[in-house]
Amino acid sequence: MSSVKIECVAKEGYRIGESPVWDEKESALLYVDITGRKVCRWSSLTKQVQAIPVDAPVSSVALRKSGDYVITLGTRFAALKWKEQLVTTIIHVDKDKPNNRFNDGKVDPAGRYFAGTMAEEIRPAVLERHQGSLYTLFSNHSVVKQFDQVDISNGLDWSLDHKTFFYIDSLSYSVDAFDYDLQTGKIGNRRSIYKLEKEESIPDGMCIDTEGKLWVACYDGGRVIRLDPETGKRLQTVKLPVDKTTSCCFGGKDYSEMYVTSASDGMDKEGLSQQPQAGGIFKITGLGVKGVAPYPFAG
């Protein structure tokens, strides 16, 4: 193993940093602060962060083929024009559940935007159970509900051959796999491929590397873990200087850097003094593996 190095690149102390996505055109990392209600972009060239405030909890951001970005905002899929700071609604979901909001989302290899909902938290990871659903936004702006009865819809990604969809419902403490049909976006045959150990705590965001192994950020576990989805074995653990690690992605020139978001919501003064980088964005180098570039939304 090469020597792993961890650096906090954005020390803004976000409330719930989430959904890191590498924007190759801008040499920048996109991410959101859910409860801070902003979409952020950290430039690897200037080391500066630009942030766009929005009018509801914003839980994921994705690239868009036609330029700019798409986001999940409250219970809406929306388009974001960066320069104009303009947000336009694409479509609403969960209209019958005013207490719900979107959580994690990601675009599949065919350009569809998958994102799931959850009930608003009373405090971190405490909420009304089984209120969420997983949705798919198609390029023609139609939406399909894949399934419901979700607690906290979280990490998602696709296998390198695009035949398997990986998904995390956080309070199941499991990483699940589905058969995936790339032509139609249909999923089926759900099964658990990894159950988290007690010290790993709650599975959150997730990404895949070029060797087909999954990386999962462990909320309250202060780490990212590397899993083999074929064997269900944990291959590696990388510990971070903060407990509330929320998500991860690969980025940088050749996708050999890992970026990890974190949260500070729910921490008291003492906790924050012990973990002054809580809510920061971290860059991990020296992992010896590369990631897969994000897919843009086709609509």
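Every residue gets a Cβ built from N, Cα and C, even glycine.
Quick look at what TrEMBL lists:
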- Asp204: active site, proton donor/acceptor (ACT_SITE)
- Glu18, Asn154, Asp204: divalent metal cation binding site (BINDING)
- Arg101, Asn103, Glu121: substrate binding site (BINDING)
- 16-264: domain 'SMP-30/Gluconolactonase/LRE-like region' (DOMAIN)
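Shown on the structure are the features that TrEMBL records.
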residue : record                             : Cβ neighbours (10 Å)
Glu18   : divalent metal cation binding site : 27
Arg101  : substrate binding site             : 23
Asn103  : substrate binding site             : 28
Glu121  : substrate binding site             : 18
Asn154  : divalent metal cation binding site : 29
Asp204  : active site, proton donor/acceptor : 29
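Comparing C-alpha positions, Asn103 (substrate binding site) sits nearest to Asn154 among the recorded positions Glu18, Asn154, Asp204. Neighbours of the divalent metal cation site: apart from Glu18, Asn154, Asp204, residues of the same chain with C-beta atoms within 8 angstroms of the site's C-beta centroid are Ser19, Asn103, Asp104, Ile152, Gly155, Ile168, Ser170, Gly205, Ala217, Tyr219, Thr246, Ser247. Annotated substrate site Arg101, Asn103, Glu121; additional same-chain residues within 8 Å of its Cβ mean position, judged by their own Cβ, are Ile34, Pro57, Ser59, Asn100, Phe102, Thr117, Met118, Ala119, Glu120, Leu127, Ile152. Between the alpha carbons (Cα) of Arg101 (substrate binding site) and Glu18 (divalent metal cation binding site) lies a span of roughly 14 Å. When the alpha carbons of Glu121 (substrate binding site) and Asn154 (divalent metal cation binding site) are compared, the span between them is 14 angstrom. Cα spacing between Asp204 (active site, proton donor/acceptor) and Asn154 (divalent metal cation binding site): 6 Å, rounded to the nearest whole number. In the predicted model, the domain 'SMP-30/Gluconolactonase/LRE-like region' (16-264) shows an average pLDDT of 97. Residues listed for substrate, Arg101, Asn103, Glu121, cover a largest CA to CA span of 11 Å.
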